[in-house]
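Copied from Swiss-Prot, the annotated features are:
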- 16-162: domain 'Thioredoxin' (DOMAIN)
- C58: active site, cysteine sulfenic acid (-SOH) intermediate (ACT_SITE)
- C58-C92: disulfide bond (DISULFID)
Amino acid sequence: MVTFLGNPVSFTGKQLQVGDKALDFSLTTTDLSKKSLADFDGKKKVLSVVPSIDTGICSTQTRRFNEELAGLDNTVVLTVSMDLPFAQKRWCGAEGLDNAIMLSDYFDHSFGRDYALLINEWHLLARAVFVLDTDNTIRYVEYVDNINSEPNFEAAIAAAKAL
């Protein structure tokens, strides 16, 4: 059971598993352009999904994955949240992570529905991490049971480095 603020929450859709192909998406960047999974073809991808960039755990998650993984060869870290692109851009500037790739699902929540991350009760994304190989096959996934907890950084980082 997944909880948020100590209460059970529900989702629509089926959780993705290791071995599944990642689903395509159309998300909004901080400059209001659109990005899809295809825009990162040929690269290893870490999808770091957070409820809101302006919370402590989400900020820590975004910073840690960017600091530890963005320098890996042929690897991109994509942070996805429901935050407006303006808030994501402001956060990057304030945190000195100007090169972080921030993607917003605010427009139609399709990423959240497709990846079974849209919290029905809150219209926020649940916390999760997906590590994809260059063919967009999921090699590691964690749907965090307690959204107010950090993901398993060590396992996700090890999975990304092993690709």
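Backbone N, Cα and C define each Cβ position, glycine as well.
Within the model, the domain 'Thioredoxin' (16-162) shows a mean pLDDT value of 97, rounded to a whole number. A helical conformation is recorded for C92 (disulfide bond) in the three-state DSSP classification.
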